């Protein structure tokens, strides 16, 4: 193991080098097709001559460095380079090298639109192969048609706006995300919550009971069922297949919220019994934000992806190819291209979900060796994201430590670990997703080291 490596130093030097290359790129952009001006050529040569020193610095792997500024007070983000990041909503959205390259190449505004031809719609563009990507996305989640959207929430919004009438009821879980509430409210609907059981699991029976309750009280069935496969509070797995059957039995459309599943584990919407599958690109598909996917069946495609029928009264203009719920096109640049660039890796990693769950359980088992530690999520774990409780261990230390709960953040940071909620020593969430086994072992040992340092018993 190369113990001479300084990750902060390397992160800063990498950014310095990348930014020098970007400065060269800007000179090339500003030059005429016939060549550079004398000033441009001189500046270009000056930057190139400095690259040798930067590469030499990178080769050292250690040394003195300063944080790298982008502009003004905007500094480089080096969390992923410097630390093992266990932040629960960032793990699945960590960009692949291919996605980072795509962001560099396609960061300019409407970069997807260089070759937009008739019929002038994002999902019809063939170069780059955005049209094919939409087909592949639908197949990836076991549905018939798909569209990219600016985050899962816009998928909820599109479905809610399409099928909910004012006063309609929508059944969600008591663990539903706030964006589901807002999507229903925006469409004029009313949320009714199906309660989880004593194990914080939503069952098919609970959903059926809530449907019956709504029917008795309103005389109508709910217009939609919208349920998370794994919730954001505990990341417990809910009876999504059973709920899919209930939806089919009652004839109610079912939206599967795959914000924490699509892109990290296998998902087949039609096998689940879903009419709509929504995923998050920036949460679980290694994509830049905002990005997501909405997929549906042929039965619902015409309604959800309906095109405008509006005609201008003076000009007679109409834009029939544009889809109403997406205001025409959705992701016109880096978010979409990052999603496309990561897609081969994302498809492959879903095949190894069992290994991610093994890593999660290995860490949690080691974590539970620390006396007073608890896991609040269902256990054994079925996901890489977990809610844990350290009230009986690290919070006891925090009560008398001069740094209070921040002592724990300090200890983790010293060991190159980030992403826990700063100052939290009671209940908090974390994710091991995407970590290597070496990182899992290091992470586990670090928690035990901290416990040992503060005389907390280790079993």
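Each Cβ is built from the backbone N, Cα and C atoms, and glycine gets one as well.
Among the features that Swiss-Prot reports, pyridoxal 5'-phosphate binding site is placed at 152, 153, 257, 280, 281, 282, with the record citing sequence analysis. Summarising the environment of residue 280 (pyridoxal 5'-phosphate binding site), the number of other Cβ atoms within 10 Å of its Cβ, over all protein chains shown, is 28.
All chains included, 27 other C-beta atoms sit within 10 angstroms of the C-beta of residue 283 (N6-(pyridoxal phosphate)lysine). Residue 283 (N6-(pyridoxal phosphate)lysine) falls within a helical segment according to DSSP. Look at Swiss-Prot and you will find 283 tagged as N6-(pyridoxal phosphate)lysine.
Residues near residue 282 (pyridoxal 5'-phosphate binding site) in space but far in sequence (CB under 8 A, at least 6 apart, same chain), listed by position: 93, 151, 288, 289, 290, 291, 292, 335. Within 8 A of the CB centroid of the pyridoxal 5'-phosphate site residues 152, 153, 257, 280, 281, 282, the other residues of that chain are 149, 151, 155, 259, 278, 279, 283, 284, 291, 292, 293. The secondary structure of residue 153 (pyridoxal 5'-phosphate binding site), as reduced to three states from DSSP, is helical.
The local packing around residue 152 (pyridoxal 5'-phosphate binding site), expressed as other Cβ atoms within 10 Å of its Cβ over all shown chains, amounts to 29. The binding-site residues shown are 152, 153, 257; of these, the one with its CA atom nearest the CA of residue 283 (N6-(pyridoxal phosphate)lysine) is 152. If you take the C-beta of residue 257 (pyridoxal 5'-phosphate binding site) and look for same-chain residues 6 or more apart in sequence within under 8 angstroms, you find 152, 156, 177, 180, 226, 227, 228, 229, 278.
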